[in-house]
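Asker: Feature list, courtesy of Swiss-Prot:
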| type | residues | note |
| --- | --- | --- |
| DOMAIN | 24-304 | domain 'Dynamin-type G' |
| REGION | 34-41 | region 'G1 motif' |
| REGION | 148-151 | region 'G3 motif' |
| REGION | 217-220 | region 'G4 motif' |
| REGION | 247-250 | region 'G5 motif' |
| REGION | 280-502 | region 'Interaction with caspase ced-9' |
| REGION | 523-542 | region 'Disordered' |
| DOMAIN | 620-711 | domain 'GED' |
Amino acid sequence: MENLIPVVNKLQDVFATLGRKEDQIQLPQIVVVGSQSAGKSSVLENLVGRDFLPRGTGIVTRRPLILQLNHVALDDESKRRRSNGTLLTDDWAMFEHTGSKVFTDFDAVRKEIEDETDRVTGVNKGISLLPISLKIYSHRVVSLSLVDLPGITKIPVGDQPVNIEEQIREMILLYISNPSSIILAVTPANQDFATSEPIKLAREVDAGGQRTLAVLTKLDLMDQGTDAMDVLMGKVIPVKLGIIGVVNRSQQNILDNKLIVDAVKDEQSFMQKKYPTLASRNGTPYLAKRLNMLLMHHIRNCLPALKARVSIMNAQCQSDLVAFGEPVEDKNRTLLQIITRFATAYTSTIEGTARNIETTELCGGARICYIFHDTFGRSLESVNPLENLTQLDILTAIRNATGPRPALFVPEVSFELLVKRQIQRLEEPSLRCVELVHEEMQRMVQHCGFTTQQEMIRFPRLYDKINEVVSGVLKERLKPTNELVENLVAIELAYINTKHPEFTEANLVTLLKEELLLDDRHGRSRNRHASTGERAVSAHGEQQLQPVPGVNGVDLNAVLQQQQQQSQNQRASNGFLGLFGNAAASSKTSPQEKQSANFLPEVPETQLGRKLTSREQRDVAIIERLIRNYFIIVRKNIQDSVPKAIMALLVNFVRDNLQSELVRQLYKPDEMDDLLAETEDMAQRRRDTLETMKALQQASVIISEVRETQVW
């Protein structure tokens, strides 16, 4: 299992070359978290056995420091010999950003960390998420992989932003949220452990404490008469992986250049004297061994998931590269292939034979079918055959068709006049159907499959041109399609076929029978009234020969004659003139009326409101029924013929001629360079994906080198 940590270190090197957070795999590592001046740097230096970290007041660590500790035995010449043949006899360090440069002076390591930090964050106290990667090779260290983060602070200093506390907190959470990480929460012993900020942050992402280890620093600086026994034993706040106490070098020790080896010896003496029962489970040596063991077991547990993650990312990169396509070499062949693929995908979308069927919405041919049989059908059904046609309109049309002669039957001309006006109303929804199909065929350009969409992104200028060609072809076909649809309505208007089988047999015969039946009933009624009137007049005639005594000297015969005269005048007023009102009913004519020609009133343009006679009601009912039934026949014809016209002149024509039109307009040698020019973003994405894929392949090789016997 000792080989597991070097494996992770190699993986960190591989993925560090990518430099992009989204491409990183969450590797097992130890994340060091603590407040400012909590002693984090001292703990790390004690683990390494060297002074190499920047020191000072305020925030010293301003970028994440990925620290890889590699144990190299003094007699391991294979690892200590450099490529130039020199043999390294002591500890050395290497930075990722300096390449193969070797640092044997650890003061120079400190200076390089400071310079690299200032290069990115500035000379004041700004922070950055961009990590610094440092490898240290020594016979004194155990193999570890750690991340040192900026200390938690409350008040901004220098050119730090006012939200510096929030920025540092977000950075810490970003690293400790990695489920493959171990959290090393550093807290000074001379502060209340119950209010430890690192422990609080760790609880947010690791509530069960499965991957949190606490370190209690500055045990030698506690107040006289107090100790950290209860804290170290977990009685104050229990920490599942344990709480380990350490003693750091004081600032005076550092100024006096006290060696870390001597400081570790003094730490052991302090532990034996102050905490004899806990000495074996505290101190820097125990912390290093404990971290090494925890990290190895953690890597062992994470390795299967790590293998799976690398495989998944590798497959995704391969898929992305296929989508991005190979760099264009033969532009003639590439252009023809793209045109052919697009035309095939467009045709498949119309016919419903595409491999990737849309499941969230109707598109292509299915949407055209929906327009024909649902949208267009409902639109025609919503047209009322008698809408905007009143009884007065019908009656006026009947009378205008008869001219000066009263009609015995309903004139056919009035029916044709009225039904044509209603048929004309079918033209608007028919043209709207053409428009909807045209819009859908334009929209289908965006629904031609994943491959086509990727090529749209890769060659935006080419697909702008393809869109223009498709729009042009559709626009060309729109005019003849509209003309044919208008002609279909005009054909129905040109000839009203009253001999249509559905119209003649079902309607005219029935209406004729009803009209004859009504005439027969009215005739018998008139005969009965006439016979009764004759008998009354005969009896009255015999009686009027005799003088009739009056009342108060009034002759009743004279009164009857006067009433008869008034009755005749009233009947005259209900004749032809009565149709225009009762202006002629009065027996006296005013001087103004005598000034008009023939002493007749002005004829109004429309009839005044009155109750229709039974004959008029019958005529109106006949016309309404004829219009309704014939309109339904025409509506069926239009509902059937308009979709056929659209399919013939628009849909099928575009489907059959699109590819040849694309080749004719786009296959031009002088324009190929412009059409097949990739966006810079697409080229960069291909390069990034190739780099990621190369790193993943290296990672896969590294992981495959770990034998199962080593892991378990």
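Residue positions begin at 1 at the first shown residue.
Yeah, the Cβs are placed from backbone N, Cα and C, and that goes for glycine too.
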Asker: Determine which recorded stretch among 34-41, 217-220, 247-250 has the most C-beta pairs below 8 angstroms with the region 'G3 motif' (148-151).
Answerer: 34-41
Asker: Are there residues at least six beyond either end of the region 'G5 motif' (247-250) with Cβ under 8 Å to its Cβ atoms? List them, or say none.
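Answerer: Here the qualifying positions are 39, 42-43, 46, 217-220, 258, 260, 263, 266-267, 270-271, 283.
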Asker: Note the mean pLDDT of the region 'G5 motif' (247-250), expressed as a whole number.
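Answerer: It averages 87.
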Asker: Checking distant contacts: for the region 'G1 motif' (34-41), what same-chain residues at least six beyond its ends satisfy Cβ-Cβ under 8 A?
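Answerer: Sequence-remote neighbours of the region 'G1 motif' (34-41) are 53-55, 58-61, 148, 151-153, 185-188, 197-198, 217-218, 246, 248.
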Asker: Do any residues of this chain, six or more beyond the ends of the region 'G4 motif' (217-220), have a C-beta under 8 angstroms from a C-beta of it, and if so which?
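Answerer: Contacts of the region 'G4 motif' (217-220) (Cβ under 8 Å, skipping residues fewer than 6 from its ends): 38-39, 42-43, 186-190, 228, 245-248, 270, 274-275.
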Asker: For the region 'G4 motif' (217-220), DSSP counts of helix, strand and coil?
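Answerer: Reading the DSSP string over the region 'G4 motif' (217-220) gives 2 helix, 1 strand, 1 coil.
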